[in-house]
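K.L.:
The signal peptide annotation in Swiss-Prot covers 1-20 and is backed by sequence analysis. Summarising the annotation, Swiss-Prot assigns domain 'Inhibitor I9' to 36-119 and lists sequence analysis as the type of evidence. Per Swiss-Prot, the feature active site, charge relay system maps to D162, H193, S343. Annotated N-linked glycosylation site per Swiss-Prot: N254, N385, N393, in sequence order.
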Amino acid sequence: MGFFRHLFSLSLCALSLAIPSKLIGLENTQDVIPNSYIVVMKSTISEAEFQTHQAWASKIHRRNLGERDETLGGLDGLKTTFEFEGLKGYSGAFDKRTIELISRNPAVDYVEVDRVVKLDAITTQRNAPSWGLGRISHKSAGSSDFVFDDSAGSGITIYGVDTGIDIKHPEFGGRATWGTNTVDNEDTDQNGHGTHTAGTFAGATYGIAKKANVIAVKVLNAQGTGSTSGVIQGIQWCTDHAGRNGLKGKAAMNLSLGIRGSTVFNRVAEAAQQSGIFLAVAAGNDGFSPASARGVCTAAATNSQDAATSWSNYGSVVAVYGPGADIISAYPNEDTATLSGTSMASPHVCGVGAYLMALEGIGPDKVCDRIKELAVESVTNQKLNTTRKLLYNGSGA
C-alpha cells in the first residue's frame, strides 16, 4: 500500500508539473520578501474546494520539508487566508519546490511574491502653518479659512489603514477606536504617520470630516514597513467589520502607503470598493507604482502654489491632486508634525469623500466621480498624461 500511495503522490506531482507555472512578480526583485507568497484562487472555486486546497497545500509543504529533513527556519507554510466577493486566496512562507507545485495546481489562478510595503511621507518640520484646508475649500489659492458644511462627515466611518492611530489624541474627541493589527503586537502608533493622516481626514482642528468616526487598522510597524499580505489582511478586516456593523455604503478607507505594482493588491482594493467602501489611495512618490485599481480614487500631491510636487507620481491613473507639501496635522502624544508626500494628499481626498457622502448622500461608488466633477483645473507643472484637477469640497467659496 505504501508503494501505491507513493506512486499516486508522484503521479499528482507529475500532473502538476505538466501545467505551466503561474508565479508572477519575479521580473522585479526589489522589496521582495524571501520565500513569502500570496496565492490567488480561480474565481469559480467553492468554499469546500478552497478548504480542500488549503489542506492539500499544507500537506505538500510538510512533506517537502520532511524530505529535506530540515525545518528551514521561517517557512511556516500557510499563514492567513482572505475572502472577498469573487476573490479567495491565502498567504504563507514556502520553499521553492512547494510554491512551484502550488502555482501549477489547477485551482490556482496565480501566485504573487509578497513585498515590503513602505510609507511615502517625507518629514520636514514641526509646527509650521498649514494651508491645505483653506485650499480645498476655495476655487482659488490664497485663503487660510476652511469653509465647510456643518454635517462634516457625520454618520461616516473612516478606516485608517496605516501605522496605527493615537486614538486618545484630542483631535479625535473620542471618535477614534482601535480596530486590528496585522503587523506586530503593539496596538499603538509608534511611527506617527497613521495619526497624522487620520488628523487630516477627520481631526477636529486639522481635519476635513470633523464628525466622522475613525478606526485604526495597523498594517505598518514603527519603521513604517509591512507586507502586501499584511495590508490585504487589514483590508479584509475592514470589509468584514463594515459588513457586521452595517457600515457598507457609509464607510471610507485611506491607504497612504506605497505598494509596488501588485496584481493581487489591485484586485483586493477593487473588491473592497465594490463591497461598499470608498477608497482613497496615495499615488506614490519617486517611482512607486501608482494604485491602478479600478474604482479607487488615486491622489497626487501639490504645494501651496498649486504646482505638482517634483516627487509626486503621475500618470493617467491619478484621479485628482490634493495638498501634499508641508501639511500640519496630529501626531502621537497630543503633538503635531508637518509632513510631505502623496501620503498627505490621499487623506485630503479621503476626508472630502467622507464629507460628500454625508452631505450629499452619495454612495462610495459615486464619490470619486463627484470629486473629479467638483475639482478645479488649476494644477501647474503636472507631468504628461496627468490631470490638472485640484481637490475642492464644493463650498461655493
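Cβ atoms here come from the backbone N, Cα and C positions, even for glycine.
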K.L.:
Please work out the helix, strand and coil residue numbers for the domain 'Inhibitor I9' (36-119) from the DSSP assignment.
P.N.:
30 helix, 32 strand, 22 coil
K.L.:
Using the alpha carbons only, what distance in Å do you get between N254 (N-linked glycosylation site) and S343 (active site, charge relay system) once rounded?
P.N.:
9
K.L.:
Restricting attention to the domain 'Inhibitor I9' (36-119), give the mean pLDDT.
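P.N.:
Summarising the domain 'Inhibitor I9' (36-119) by its mean pLDDT gives 91.
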K.L.:
Using Cα-Cα distances with a 10 Å cut-off, which of the recorded positions H193, N385, N393 are near S343 (active site, charge relay system)?
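P.N.:
The recorded positions close to S343 (active site, charge relay system) (Cα within 10 Å), listed in sequence order, are H193.
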K.L.:
Helix, strand or coil for D162 (active site, charge relay system)? Use DSSP.
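P.N.:
For D162 (active site, charge relay system) - judged by DSSP and reduced to three states - the answer is strand.
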K.L.:
CA-CA, which of the recorded positions H193, N385, N393 lies nearest D162 (active site, charge relay system)?
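P.N.:
For D162 (active site, charge relay system), the closest Cα among H193, N385, N393 is found at H193.
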K.L.:
Rank the recorded positions N254, S343, N385, N393 by the number of other Cβ atoms within 10 Å of each Cβ, and give the residue at the low end.
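P.N.:
Sparsest of the recorded positions N254, S343, N385, N393 by Cβ contacts within 10 Å: N385.
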K.L.:
Kindly assign N254 (N-linked glycosylation site) to one of the three DSSP-derived states: helix, strand or coil.
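P.N.:
Its secondary structure by DSSP: strand.
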K.L.:
How far is it from N393 (N-linked glycosylation site) to H193 (active site, charge relay system), counting Cα to Cα, in Å?
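P.N.:
Pair distance, Cα basis, whole Å: 24 Å.
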K.L.:
Whole-number Å only: compute the distance from the Cα of N385 (N-linked glycosylation site) to the Cα of H193 (active site, charge relay system).
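P.N.:
Between the Cα atoms of N385 (N-linked glycosylation site) and H193 (active site, charge relay system), the distance comes to 30 Å.
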K.L.:
Which secondary structure state does DSSP assign to H193 (active site, charge relay system), in the simple three-class scheme?
P.N.:
helix
K.L.:
Among all the protein chains here, how many other CB atoms are within 10 A of the CB of H193 (active site, charge relay system)?
P.N.:
29
K.L.:
Which of the three DSSP states, helix, strand or coil, fits S343 (active site, charge relay system)?
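P.N.:
For S343 (active site, charge relay system) - judged by DSSP and reduced to three states - the answer is helix.
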